[in-house]
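**Student:** Next up is a structure, given as structure tokens.
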Amino acid sequence: MAGANIRFDKQADGGYLLDVKGYGCPHVQIYTEKALKKLASGEELSVVFDNPSSGESISFMCMLDGHSLLERKDEGGTFAWRIRKA
Amino acid sequence: MSPDQVLDAGRPAAPAPAAVKRRGPLVSAALLAAALLVSLAYLAADLRFGYLLVYAWFGIGYGVLLQYGRFCMASAVRDLFAVGVPRMAVGVLVAVILYALISAGIQAAGFNSFHAHPLGWHVPAGGLLFGLGMVLAGGCASSSLYKSGEGNLGSVLVLFAISFSQAWMVSAGGGLNRLVPEAWARQAAAQDMPAELSITDGWFDQFTAGYLWPLGGGTLVDRLEWPAQWWSYLFGNALLVAILPSLILLSLLYALNYRKVYLRQQGLRVLSWRGELRGLWSLLTQSRNTALAGAGLGLLAGLQMLVTGELRELHGIFNFGELLAAMGHTGGLSLQDSVFDPGYWYITTQEAQWGGWALAQAGVEMRDNLFFGLDNGLPSPWLNAPGMMSLGIIVGAAVLANISGEFKWKWPNAETALLAIAGGVLMGVGSRIGMGCNIGAFFATVTNGDASGWVFLLGMALGGYLSVKLLKAWIDWRLARSGLDF
């Protein structure tokens with residue numbers, strides 16, 4: 001059976017990448033929350049996911065915690081969002 | 001292991017995104033054209049199939065709205081506990097308020113087809129199991145349908161697990177008989193039942209006849225014996241049972257979760273009463289898609305009751321089984337010549353029928369129990385009107401997901417497949433004990449004046465809370481062994 005990757009690492013540009021493609025609710029939200037906790041204020045996280053409903057919750061989570069949603073890309077059901085931690 | 005290691009490897013190559021977007025609207029048009037052609041074929045066979053098609057097309061409407069709002073009642077509970085997000089809880093409560101208002105009007109017009117649920121320990125117990133399952137599975141019963149329409153094959157697994165676990169639950173005897181209390185067995189044995197039913201064999205039959213049947217249930221207006229007037233339904237069933245509790249919950253969500261954010265956004269430390277109301281409105285409209293979907297679902301659910309009620313009056317029937325018999329399709333009818341035909345939004349019972357029908361085709365005896373044999377029947381999937389509503393939800397969600405470019409085939413990995421099956425089984429068992437899912441046992445009950453739905457929600461919230469704790473512990477355990485730097 002084909003599977004999904006979870007990837008969380010620091011990129012060359014200093015930002016972090018969290019790849020949770022293949023996971024649904026609430027895994028995507030939980031991993032995103034955990035990753036954001038790991039970052040220092042002002043650092044950026046790119047979250048890549050393909051469960052549309054998780055996006056609504058991540059967006060709301062950013063609003064609640066004051067994080068900035070810098071960029072949203074949607075390509076064929078795969079979403080790449082860039083978040084700056086408050 | 002390196003920081004960028006994977007927990008599970010391998011993923012099929014996806015088509016180029018641009019190509020998917022170009023193809024999406026064409027796929028949506030093809031799906032709608034196919035739905036239209038199938039509808040015409042039904043009507044060409046017999047115009048009375050219009051009754052079944054009303055279910056199917058309302059299902060398509062639900063599917064579109066569910067996908068548009070990413071509407072998942074599981075997340076109403078789960079996201080609140082998991083990440084402190086009240087988005088979906090707000091959407092559900094908006095839907096409850098609107099559906100309750102429309103339902104009061106339908107009750108006053110005499111078209112209401114709602115049956116109140118008996119209230120007992122089984123309601124919170126079923127809710128608890130359902131809540132445990134929906135978090136593990138990644139969605140409730142209805143969201144698993146719309147996510148299937150988005151191409152999520154893990155959600156398809158959930159549907160299979162819900163269907164077959166229910167079919168097993170209502171028909172299983174053997175070792176389960178040993179769990180039947182003596183009082184239930186005595187009460188069940190005293191029932192005068194047709195010889196085709198083996199009512200004293202099977203946990204669920206004895207639970208139904210020995211425990212459920214003696215219990216009472218009713219709407220607030222019924223319990224208070226208020227007159228069958230519009231104001232009784234509006235103030236009793238809608239306002240007291242559905243709207244006031246929803247407003248209280250919305251106020252709590254605002255006060256405990258959202259108010260501090262609103263204060264921060266406004267740069268204020270205190271708010272006037274007008275400011276508080278503006279803050280509450282801001283909470284309601286914060287997730288536009290979810291709030292609009294909630295409003296649309298509430299309106300559509302009420303409209304479905306009205307249309308089905310009108311059709312029943314037109315055909316002079318109480319149940320679709322009568323129409324099926326008149327059309328010569330008697331094979332799937334229950335001993336009462338009826339089939340499951342709630343006349344409103346419902347999810348799990350028709351999925352139990354799918355599982356039961358498939359097992360019956362494989363030669364398993366599925367008609368000697370009360371659930372299929374006496375109450376709901378076992379029609380083939382293409383004659384199952386509420387089942388067509390569920391298929392409609394998948395189609396409706398697929399139509400919108402293809403238009404918006406969000407459709408994507410997603411294979412579950414081993415972890416999500418196991419969670420889907422475990423969660424689906426728990427939801428299936430929970431929905432049979434609790435007499436429905438978050439739609440049938442909560443949404444449809446409280447909006448029709450039956451407070452048992454709030455008890456189901458309490459159980460479901462507790463199950464959801466426990467399951468979130470369990471899932472977070474599982475994720476932490478997995479991460480601790482993965483080497484990922486979380």
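For all residues, glycine too, the Cβ spot is worked out from N, Cα and C.
This is the feature table in TrEMBL:
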{"type": "TRANSMEM", "residues": "B:26-45", "note": "transmembrane segment"}
{"type": "TRANSMEM", "residues": "B:51-68", "note": "transmembrane segment"}
{"type": "TRANSMEM", "residues": "B:80-101", "note": "transmembrane segment"}
{"type": "TRANSMEM", "residues": "B:121-141", "note": "transmembrane segment"}
{"type": "TRANSMEM", "residues": "B:153-171", "note": "transmembrane segment"}
{"type": "TRANSMEM", "residues": "B:230-256", "note": "transmembrane segment"}
{"type": "TRANSMEM", "residues": "B:290-307", "note": "transmembrane segment"}
{"type": "TRANSMEM", "residues": "B:382-405", "note": "transmembrane segment"}
{"type": "TRANSMEM", "residues": "B:417-445", "note": "transmembrane segment"}
{"type": "TRANSMEM", "residues": "B:451-471", "note": "transmembrane segment"}
**Student:** When only pairs 6 or more apart in sequence are counted, do the transmembrane segment (B:153-171) and the transmembrane segment (B:417-445) reach 3 or more Cβ pairs under 8 Å?
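**Tutor:** Yes, these stretches are in contact.
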**Student:** Do any residues of this chain, six or more beyond the ends of the transmembrane segment (B:417-445), have a C-beta under 8 angstroms from a C-beta of it, and if so which?
**Tutor:** 73-74, 92, 95-96, 99, 114, 116-118, 122-138, 140-142, 144, 154-155, 157-166, 169-170, 204, 207, 212, 301, 342, 344-349, 351-352, 371, 451-454, 456-457, 459-460, 463
**Student:** Which stretch from B:51-68, B:121-141, B:451-471 shares the most C-beta pairs under 8 Å with the transmembrane segment (B:290-307)?
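**Tutor:** Selected stretch: B:51-68, with the most Cβ pairs under 8 Å.
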**Student:** Under 8 Å, at least three CB pairs between the transmembrane segment (B:121-141) and the transmembrane segment (B:451-471) (pairs 6 or more apart)?
**Tutor:** yes
**Student:** What residues in the same chain, six or more past the boundaries of the transmembrane segment (B:51-68), come closer than 8 Å to it by Cβ-Cβ distance?
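**Tutor:** For the transmembrane segment (B:51-68), the sequence-distant neighbours (Cβ-Cβ under 8 Å, at least 6 residues beyond its ends) are 35, 39, 42-43, 142-143, 145-146, 149-150, 289, 292-293, 296-297, 300, 303-304, 307-308, 311, 315, 320, 323, 345, 383, 385-386, 388-401, 406.
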